[in-house]
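Quick look at what TrEMBL annotates:
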type	residues	note
TRANSMEM	16-35	transmembrane segment
TRANSMEM	47-65	transmembrane segment
TRANSMEM	77-94	transmembrane segment
TRANSMEM	106-126	transmembrane segment
TRANSMEM	138-158	transmembrane segment
TRANSMEM	170-189	transmembrane segment
TRANSMEM	209-230	transmembrane segment
TRANSMEM	242-264	transmembrane segment
TRANSMEM	270-289	transmembrane segment
């Protein structure tokens, strides 16, 4: 929701939101993880540069999807292949083999998310003029999902080789890309996001009695919630397989989608209920809950 609100008000604000997130996490990691640069990394920095190239690309291209006025639900459709991509890359690169229930669960979750997002995006897709000639955009977002899955596989292999260092990975994945935002500075300046943010309606901070532009409040809350979320994801990457991490992140996005539908009073049809049921059933299959009950 903290991302939906700024992007709904200013659809092109993705870069300043992402930069704020990266800067906050990098400063926090520099102080508490890198000990002001005095602590050497356990994983060689050259591997982080490879990971950062993928991570930064995924984050920034994500923003340009929003800059094109593609809706959040429609954007999720393009990314709904990440689960299947993660499973496929695990089979190809890591030589993994999965049970029939795992294949079935991933298919059900993907189908459920696709159903919900497709029904939510039909009207917005027509409003945003996404026609057949825009098929290249669709293909690029599918590639983005594959790149995200490949990054998860790469992280999994690094942790097996060098050990589990989630906080270190979190810091370097956000500190190393910061110079890259210089390339985006003209875009941020051109859209004058900071000025637009400052001109938004005032918001009274509870208990403090201070008034700030509401868009800056949204940005601050987004940075805090994103920090909690991304730290949890990086911790999860050290404890679970890349496929499990992808499933958890996908389910988190799905819950956000359902919450946004309810919060913004969008129609919740029978198709949405069907999609939700498929996601729920697929998740139960993946966790193999019935084995623990047997």
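Including glycine, each Cβ sits where the backbone N, Cα and C put it.
Counting C-beta pairs under 8 angstroms (sequence separation of 6 or more), the transmembrane segment (209-230) reaches the transmembrane segment (16-35) with 3 or more such pairs. If you look at the transmembrane segment (170-189), the same-chain residues 6 or more away from its ends with a CB under 8 A from one of its CBs are 15-16, 19, 21-23, 25-26, 29-30, 33-34, 41, 45, 48-49, 51-52, 55-56, 59-60, 230-231, 234.
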